[in-house]
2 protein chains.
Amino acid sequence: MTAIRIGLCGIGTVGGGVLELLGRNGEVLAGRAGAPLEIVHVGARRDREGVATGSATVSRDVLAVAADPAVDILVEAIGGTEDAHELVSRALKAGKHVVTANKALIAEHGNELLALAEAQGVSLRFEAAVAGGIPIIKALREGLAANRVSWLAGIINGTGNFILTGMAEEEREFADVLAEAQALGYAEADPTFDVEGIDAAHKLVILAAIAFNTSLRFDAVYTEGISALTPEDLAYADELGYVVKHLGVARETGDGLELRVHPTLLPKELLLAKVAGVKNAVLVEGDAVGPTLYYGAGAGGGATASAVMADVIDLARELSRGQRCPLPSLGLPMGELRELPILPMGEVRTAWYLRLEAADRPGVMSQVSRILGDQGISIEALIQKAPQSGQTRVPVVVVTNVASQGNLERAVLAIEALESIAGPVTRIRIESLDG
Amino acid sequence: MTAIRIGLCGIGTVGGGVLELLGRNGEVLAGRAGAPLEIVHVGARRDREGVATGSATVSRDVLAVAADPAVDILVEAIGGTEDAHELVSRALKAGKHVVTANKALIAEHGNELLALAEAQGVSLRFEAAVAGGIPIIKALREGLAANRVSWLAGIINGTGNFILTGMAEEEREFADVLAEAQALGYAEADPTFDVEGIDAAHKLVILAAIAFNTSLRFDAVYTEGISALTPEDLAYADELGYVVKHLGVARETGDGLELRVHPTLLPKELLLAKVAGVKNAVLVEGDAVGPTLYYGAGAGGGATASAVMADVIDLARELSRGQRCPLPSLGLPMGELRELPILPMGEVRTAWYLRLEAADRPGVMSQVSRILGDQGISIEALIQKAPQSGQTRVPVVVVTNVASQGNLERAVLAIEALESIAGPVTRIRIESLDG
């Protein structure tokens, strides 16, 4: 049987993982794909110790792989957005199918690249771009295709979840657990992409496009990181029955689409709240199926290669049987995607966790309560600790009912202006994610 | 665009769910499928209140639907194995694609029916047959296709999990929670299929065939129910750090395939152990991706219809674009499946929970320990309670290391023969499911 010929660009963690996986499981995969999967051309700027490229042609210029007529499917694993954009464009224009793990590329340039793929009659697939080895893109696009999705919420950055788990379980400071994550190789030297939510925003945009049949809207994601969270807030959350997670949330409302990444209090009893350490999980609410959850490794060479090769096998299963690959990658042809308005953050409604430092004297809480009430916000739970000896201020923690961010912010401004309140009010959103 | 024409046989919970879902989401689904999905023929022995069949032809004889040249895809939702077998055979022979939610039919007659479908060049799909709306079949066949699966373990019967959750959390007897499940409609009047593990065995066989590329081996599943479990055992398990779940486990060992359904102690901290109530979840260990978990509703009209229609949309996405549907339903063509030997239960190795009633006098535990040791079994944990006043026997609970069932049974026979031990020894398997 004619082999499916793969061009592999990049032999770092992802590309190396692909080579290792094909080396180990090649025969099994050939059976499933309906044809041998052969890496015929490797593009890599330099060799990498321990990575064997076998009998493949090796080019220092990755663009040579895109131009190689012997390549059926190009796997892009060079990362970044500039060179990868050029590489993927050229491969699509040369009539090749492309598989990538590059979330930034898809989130930021996917609309253009997917339209190009469609015009060329080829596929651009990216299962590995979101939640590593968890087949969440396939689940949304195919497994849940009979549903209208009302919302999805995911722990889609393992670094952040590792840090929050460490902070919560060991009452440690953010910077301390971050340093551990860096030592373990879970976090980069510059952790901005992970801890400030940019990586999660890339992934959320991709999930939302498939779930809600919209174009990719990276321009529209609200992003808030976890670096300002304190062990105290996590401990108060615990006392109130919640766990703090860094969530990506997408929800369709009658007024527009919510796209937001931020720290979130989740009820402890939710399965999503129990996802610990570097793992990822995505919870999806469909109108027919109800809530379903997908859990596993969100990063690492093996897990990412698993998803890359799942895409390759999907394509090879069609190609080996003489078929085209007709399934649009976002579930719909690009021209049929909806242009949903994005709900402004001021109108996004959630419950809230507020922590304030209040003077330890009568009447303060009634002032706070009145200010919240003026914005239509009521208090659902409250923790007020007795002052330690010598303290003149006490921490007060408030859980509100569901309120728009706009109303909440107006109330917080007024609370912060109170003479009896010191410093800024800490605020964290709460999601119940009822199924 | 030419509509994809569906024949629907059966308008009970599943068929009614399909009609309702298509009525509600028909337009969205048509977009995703690439063509309108139209129910042109309904086969049902009688009308059902509240179920509208629209403009479809209605036949009292379901076989008329299989014979209707206007039907492209037949949805089998009549249940049972005899009539359904006849119906599906006829539809396949007539060149129609078939989608079914019928786990018994696939587990018991799937080898024959899938071969027939293959010979006819059509597809027989059954996502809804396992774990309701959770797209676990697609995940195994496609999403994890790059992996060698070493084992999978699932809570794949919601009725059983509801009963065990109630027994554990409220310390109630089996019969008491079963009655509640029956009152809520979660359990049948005759609950045998659910509580004795037959339903789970059907599903396990299907999952294992896809995960391990074998034929469907319903003849080979070991099945043990939950009706003999007591609240005491669940409480001891809890004290030892475990939760008792009714698991389907499939594992490939060097000596053969394990296929077994039985009560199992799971470490509390496992996500699978936290799946409560009527929900289903499947944990899969792949060599590249590591452990991934899939969670959601395992039954109900909406969830089952979600999976049925996902299969229909998968087929329609190909048919609407003039393609054949080349993907084999078990992941490989029937002729390429492996015939793995089945590991005899006597050779299956797990850790064990044992509970015995011992005379309250010195030396008994050293006898028990020696008998276990003679079979190469060591004690990892032990609970021995002081006798209540007036008691002459005390319950003793033992957790062993990993031992074959054969060795364990020899030891238990010897322990039960001790004069100082009363009655049979309760034994429950323990799985750590290390990722």
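Using the three backbone atoms N, Cα and C, a Cβ is placed for every residue, glycine included.
Now, the feature entries from TrEMBL:
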BINDING   A:C9, A:G10, A:I11, A:G12, A:T13, A:V14, A:G15, A:G16  NADP(+) binding site
BINDING   A:K103  NADPH binding site
BINDING   A:E188  L-homoserine binding site
ACT_SITE  A:K203  active site, proton donor
DOMAIN    A:353-433  domain 'ACT'
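Structure with TrEMBL features highlighted.
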{"residue": "A:C9", "record": "NADP(+) binding site", "Cβ within 10 Å": "30"}
{"residue": "A:G10", "record": "NADP(+) binding site", "Cβ within 10 Å": "28"}
{"residue": "A:I11", "record": "NADP(+) binding site", "Cβ within 10 Å": "25"}
{"residue": "A:G12", "record": "NADP(+) binding site", "Cβ within 10 Å": "14"}
{"residue": "A:V14", "record": "NADP(+) binding site", "Cβ within 10 Å": "28"}
{"residue": "A:G15", "record": "NADP(+) binding site", "Cβ within 10 Å": "29"}
{"residue": "A:G16", "record": "NADP(+) binding site", "Cβ within 10 Å": "20"}
{"residue": "A:K103", "record": "NADPH binding site", "Cβ within 10 Å": "26"}
{"residue": "A:E188", "record": "L-homoserine binding site", "Cβ within 10 Å": "14"}
{"residue": "A:K203", "record": "active site, proton donor", "Cβ within 10 Å": "26"}
Chain-internal residues near A:T13 (NADP(+) binding site), provided their CB is under 8 angstroms and they sit 6+ positions away: A:G300, A:G301, A:T304
Residue from A:K103, A:E188, A:K203 whose C-alpha is spatially nearest that of A:V14 (NADP(+) binding site), among the recorded positions: A:K103
Nearest of the binding-site residues (A:C9, A:I11, A:G16, A:K103) to A:K203 (active site, proton donor), judged by Cα-Cα distance: A:K103
Residues within 8 Å of the A:C9, A:G10, A:I11, A:G12, A:T13, A:V14, A:G15, A:G16 Cβ centre (excluding the NADP(+) site residues themselves): A:L8, A:G17, A:V18, A:A44, A:R48, A:A77, A:I78
Alpha-carbon distance [A:C9 (NADP(+) binding site); the residue listed as 'NADPH binding site'] in Å: 16
DSSP three-state assignment (helix, strand or coil) for A:T13 (NADP(+) binding site): helix
Using Cα positions only, nearest of the binding-site residues to A:E188 (L-homoserine binding site) (A:C9, A:I11, A:G12, A:G15, A:G16): A:G12
